[in-house]
């Protein structure tokens, strides 16, 4: 599947589970009203009511950790649902701009490989991996806990919410993969010695990159913040639960241990690869004007580019004096440094949990 077909697939997945429905008509995506959100609202309310009724109040670490883990997951689900509807127009604009950008780049570079590139493979494989890991996690719970109706119902609601939350990952990875390929295609085109393109087109593509990156940064900050918070809590809880289970049951089945480790790695991998891609986009954007400035003066494109005037100079000034960085609601940047901070934070808080749970573990 090409870029447009992959975007249509993601939009269908979104609409199927109650998120905004974007239909591809007349060469662009448009938001269409849908009643599928009723299903999402019903399941979320039913889960919250069932969780409140089924939970047993206690004053131990496991109880508070369960509340935090479940609460963070449903905060992400509710936040993603509400925020996606609030930003539905902007999401459609970004989808249309990405498709327009790829068409402009294909015309600019005289190469249609970008438009025909199969970007669906990594997205589909990621979706398959999430479903597989979720199913294995359900099997792991069934093997270690007595299979009663309440457990099965809790598993259904919880894992539905978990699979639902991965939709923000699908959209973000789709954006990042296309943007990464577009950057590469553009840089190869402007640095080619055989380039004979209109400088006006060069500037227009510059502006399109500028606008899309800003729109992505503004639109996805809140969902990414909720995603990071949930993954942070999940990672700490998974490591703590694994340590407790190994302490209580030294002969824990290998399948259960492997499943918990795999789920932990999957959780961290998704957020780390996201931060890495954002870091790469930031680096390439901040070097945009440097590439133009460093081209030799005899370059055909530069000789034409220097003859353009106001629009080019405004772009040059904006990119030169604005050190862009993808950030999350102003709290922290999404770059490689964030990965190290995340690892350090998870290790620190897991150590604290193990220390606080030491008294609890001594009872066994």
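Placed from the backbone N, Cα and C atoms, the Cβ positions cover glycine too.
Summarising the annotation, TrEMBL assigns transmembrane segment to 36-55, 61-86, 123-149, 155-178, 224-248, 254-278, 324-347.
Highlighted: of the candidate stretches 36-55, 224-248, 324-347, 224-248 has the greatest count of Cβ pairs under 8 Å to the transmembrane segment (61-86). Below 8 A, the CB atoms of the transmembrane segment (254-278) and the transmembrane segment (155-178) form 3+ pairs separated by six or more positions in the chain. Across 36-55, 155-178, 324-347, the stretch most heavily in contact with the transmembrane segment (224-248), judged by Cβ pairs under 8 Å, is 324-347. Proximity of distant same-chain residues to the transmembrane segment (324-347), defined by a Cβ-Cβ separation under 8 Å and at least 6 residues beyond the stretch ends, is recorded for 213, 216-217, 221-222, 224-225, 228, 232, 235-236, 239, 268, 271-272, 274-276, 278-279, 281-282, 285-286.
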